[in-house]
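Asks: Here you go, one structure.
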Ligand SMILES: CC(=O)N[C@H]1[C@@H](OP(=O)(O)OP(=O)(O)OC[C@H]2O[C@@H](n3ccc(=O)[nH]c3=O)[C@H](O)[C@@H]2O)O[C@H](CO)[C@@H](O)[C@@H]1O
Ligand SMILES: C=C(OP(=O)(O)O)C(=O)O
């Protein structure tokens, strides 16, 4: 088993480059099963979740080659429509196979997906939407079998703008008969990227990035090449780490508009933020103050950066109030931050963070992906040595985070324990 050993207290400094977004790459790789040809996807991050998605595609009968940051997926001879349960459990994004397989073959068997434990994370919107498109759904012994002779365009209104349900339903609707309208759709940049890929393949979709998405079904999808958008959550994590350590960090290759709410919050805390084209720089040398933050669907402050920002605010002057509006149980990192000397009280979806002068190194364990990133940031901020276990959670979403941070001057090592 691996752990990170971090000697904290060094301000990060320098330039780094962000890679492709996990949360865009995963649905796009799943969408390739609808293409009866070869899809070429570039800018794919080398992450555990991407490897699981490739294993799923191979189990379905696809030929997949992953070289450097390019994945070539040949789905001409796809034969299997059941996603193995052990792979389903490995990540939330396994559910993205539901829409595409149903669309292409009229049948799919999945089971409850895994992923970060940050709330109940049901899939009822996905299933309700598939039913609205004409699918029959049987749930037995933990398996979910969806079938349809044909899918038909329909009107679907989501109770909450779910990212995954919006993506799954767009994919199911792409090959359906007629027009599907998804209302209260999620607007995240990753959805816009999925739609950009599908449109290159010949799909007829309008409204991505707005709350109303219209999909007019087409007969088939053709081969296409696509480059994944940069990972706004990784970019945000590195910028927050830079500011939290009182350092100066520039992240290249980002899309600043995707980070609007995040950059605004950093500025609200008194951190200097400069944007020059695709380079975002933060300067935290003058320190920062407490502030209130609420997570919301895009374009609001992303829930995936709530934990990293909380780590930063543990030593801010004053009291911060953090409200988590997207997931009902996304504060599991708090216990370990307390172990490191933070002063935080949680009441359901609200965390009150009273700034303390400093954090202290401790032995802690990541229990989910972004909570793990928060512990890394806390370790970089803390006096003394922090040992972080549970690295598989962090590796699901950050490509060699230790290497990136070392390049910025951090004293972090991956050790075998
Ligand atoms: C692979 C991927 O892209 N993951 C992201 C995606 O997760 P994911 O797509 O799972 O998140 P959703 O947007 O679907 O979830 C938002 C809320 O809706 C609820 N819900 C969702 C679906 C459903 O059928 N029923 C239901 O009640 C969830 O429990 C949650 O409370 O968006 C989240 C919100 O930005 C991010 O934190 C995740 O990083
Ligand atoms: C929650 C996340 O991932 P997943 O939806 O794959 O669990 C995340 O990327 O922060």
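We number each residue from 1, going along the chain as drawn.
The backbone N, Cα and C atoms fix where each Cβ goes, glycine too.
Annotation source TrEMBL lists domain 'Enolpyruvate transferase' at 7-401. Here TrEMBL flags 22, 23 as phosphoenolpyruvate binding site. Per TrEMBL, UDP-N-acetyl-alpha-D-glucosamine binding site is recorded for 92, 304, 326. Positions annotated as active site, proton donor by TrEMBL: 116. TrEMBL lists 116 with the feature 2-(S-cysteinyl)pyruvic acid O-phosphothioketal.
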Asks: Return the members of 116, 304, 326 (the recorded positions) with CB less than 6 angstroms from at least one atom of ligand 2, or none.
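Replies: Close enough to ligand 2 are 116, 304.
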Asks: In sequence order, which residues at least six apart in the same chain have a CB under 8 Å from the CB of residue 23 (phosphoenolpyruvate binding site)?
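Replies: Once residues fewer than 6 apart are set aside, residue 23 (phosphoenolpyruvate binding site) is near 93, 163, 188, 190, 231, 233.
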Asks: Looking at Cβ-Cβ distances, which residues of the chain lie under 8 angstroms from residue 304 (UDP-N-acetyl-alpha-D-glucosamine binding site) while being 6 or more apart from it?
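Replies: Spatial neighbours, sequence-distant, of residue 304 (UDP-N-acetyl-alpha-D-glucosamine binding site): 233, 236, 370.
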Asks: Mean pLDDT for the domain 'Enolpyruvate transferase' (7-401), as a whole number?
Replies: 97
Asks: What is the number of other Cβ atoms found within 10 Å of the Cβ of the residue listed as 'active site, proton donor'?
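Replies: That number is 21.
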Asks: Distance between residue 92 (UDP-N-acetyl-alpha-D-glucosamine binding site) and residue 116 (active site, proton donor) at the Cα atoms, whole Å?
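Replies: Counting only the Cα atoms, the answer is 7 Å.
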Asks: List the other residues in this chain whose Cβ sits within 8 Å of the Cβ centroid of the UDP-N-acetyl-alpha-D-glucosamine site residues 92, 304, 326, in sequence order.
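Replies: Near the UDP-N-acetyl-alpha-D-glucosamine site, beyond 92, 304, 326, sit 116, 118, 163, 303, 327, 330.
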Asks: Just checking, which of 22, 92, 326 (binding-site residues) has the fewest C-beta atoms within 10 Å of its C-beta?
Replies: 92
Asks: Work out how many Å separate residue 116 (active site, proton donor) and residue 326 (UDP-N-acetyl-alpha-D-glucosamine binding site) at their Cα atoms, rounded off.
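Replies: Given the Cα positions, residue 116 (active site, proton donor) is 14 Å from residue 326 (UDP-N-acetyl-alpha-D-glucosamine binding site).
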Asks: According to DSSP, collapsed to three classes, what secondary structure does residue 326 (UDP-N-acetyl-alpha-D-glucosamine binding site) have?
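Replies: Coil, per DSSP.
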